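The structure appears right after this line, and notes come after that.
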Amino acid sequence: MSNNQIQLFDTKSRKLQIVESSDGKSLRIYSCGPTVYRDAHVGNMRTFLLGDLITRLAKHSGYQVKFIQNITDVGHMSEDFVEDKILAQAKAEAKDPYEVAKFYESRFHQDLKSLNINAADLYPKASGCIPLMHDLIKKLIDTDHAYVGSDNCVYFSAQSYQGYGAISGNRLDALKPGHNFEYTEGGAKKFHADWALWKAAAGRTQMIWDSPWGPGFPGWHIECSAMSLHYLDEFVDIHLGGIDLRFPHHENERAQSNSSINNEAVALWVHGEHLLFEGRKMAKSTGNVVLVSDLISKHLDPLSLRLCFLENRYRSQMDLSWDSLKAAHLLIQRWRDKTATWAKDKSLDKKQAQGFIDEISADFSADLDTPRALQKLRSIEKAQTLSDGVKYEIFKCVDDLFGLDLLKPSLGKGELTSDAQSLFDQRQIARNKGDFTESDRLRGLLLKVGVVVRDSKDGQSWEWLI
Ligand SMILES: [Zn+2]
């Protein structure tokens, strides 16, 4: 526990702001979650890590945290995509859309686990919160912030909310008519920048619900307003998401939520920047998509991805590469080996260790200056003036912020897959018999599955090829 004030950059005020619990009890955090129609790529994981870093830091600093992340499993329509993504994927996979959503949701949770991203307190699903959305839409209609269009869709009236544009800097009078806002609505909207809160089914037969305005399905933005207001008791201390959600998603969410409670609903808007991979934008269309499972199949510790993210400020665009992932993998291994050695020294100057722990917490509290915090770890590792016991204590205590499992045995000492273990055992038998031709053949086979074998006077040993 430390007494650092946590500062984060607020996109709306464009300033660093001190994080505060508005009810004096807990810090209420909301993060936009995945749309579960495909695997989240490592760029998405960078945004999801942001929520984990902030909740870890808040807990380390003594806060109670209530953290909610939604799962979009229906109705997500973006500006350039007029078909529901989950229904389109269900069609492509010839599966029930709920099955598709369930499958990718479970993969999402697996990926979070691989990256040591602690689970949120709750993951409400859009499909499970339809009544909440109906209630909010009714309230917005009753207060003249929304209206039913001639196409039986319900639209939010952008002009009814005076503060529109504060997050993104987009002013309503500057938004040009003709820009494809979410849907082609055939003239049912009163103003070009209005957006749909509820879409009439209009021939769609799956993933639709009855409503006071006829059968249909919710728009994407209303989902986050309904869930954040409901689950966090009508106020959000920190609202998180990727920078691409700043407009229109967060701008629209803010207009809806603020109109509903007649007040500012979110204290801080925090956005994570984009990720490039090998210098290029990550996009399915260009084939440049990397998943957490791709790292695992290359025998890279998935936490090497976490370490690479920590090497960069969350607000800077970063360029990830296989080389940086490999370097991070080796660094994690080296630190784990060292902590295992340092643990043997039982002498400890607690006060000295605490000084370094506080400095590292302060780096995290300064708008998540994780590169500086990592630089401190590197200096501590090399410092000749610090005892092994002190180094162990520091690494042990700050790992709840970094989340790199620094006290685990290093990976090379982990387990082989059963196939590789069998080849490794056969090679031992060949060596015992002096059959070096067979031993070399088996070494080649092991190399093909990513295992490097070394021989020494103590026998054969192995490590992953990375
Ligand atoms: Zn959202």
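Backbone N, Cα and C atoms are what each Cβ position is placed from, and that goes for glycine too.
The domain 'tRNA synthetases class I catalytic' annotation in TrEMBL covers 21-328.
Within 10 Å of the Cβ of Glu253 (Zn(2+) binding site) there are 28 other Cβ atoms, across all protein chains. Among the features that TrEMBL reports, Zn(2+) binding site is placed at Cys32, Cys224, His249, Glu253.
Packing against the motif ''HIGH' region' (34-44) from elsewhere in the chain are residues 71-73, 76, 85-86, 88-89, 100-105, 107-108, 111, 242, 274-275, 277, 282, 284, 289-293, 295, 305, 320: each is 6 or more residues past its ends and has a CB under 8 Å from a CB in it. Summarising the annotation, TrEMBL assigns motif ''HIGH' region' to 34-44.
The list of residues near the motif ''KMSKS' region' (281-285) in space but at least 6 beyond its ends in sequence, with Cβ under 8 angstroms from a Cβ of it, reads 38, 41-43, 274-275. Per TrEMBL, motif ''KMSKS' region' is recorded for 281-285.
Every protein chain shown contributes to the tally, and the Cβ of Lys284 (ATP binding site) ends up with 9 other Cβ atoms within 10 Å. Annotation source TrEMBL lists ATP binding site at Lys284.
Across the domain 'Cysteinyl-tRNA ligase anticodon binding' (414-462), the DSSP tally of helix, strand and coil residues reads 29 helix, 10 strand, 10 coil. What TrEMBL lists as domain 'Cysteinyl-tRNA ligase anticodon binding' is 414-462.
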Reduced DSSP assignment, Cys32 (Zn(2+) binding site):
coil
An 8 Å radius from the center of the Cys32, Cys224, His249, Glu253 Cβ atoms defines the neighbourhood of the Zn(2+) site; name the other residues of that chain inside it, in order.
Trp220, His221, Glu223, Ser225, Gly241, Leu245, His250, Asn252
Counting other Cβ atoms within 10 Å of each Cβ, which of the binding-site residues Cys32, Cys224, His249 scores lowest?
His249
Does DSSP put Lys284 (ATP binding site) in a helix, in a strand, or in coil?
helix
Through the lens of DSSP with three states only, how would you label His249 (Zn(2+) binding site)?
helix
Assigned conformation of Cys224 (Zn(2+) binding site) - DSSP reduced to three states:
helix
Binding-site residues near Lys284 (ATP binding site) (Cα-Cα within 10 Å), from Cys224, His249, Glu253:
none
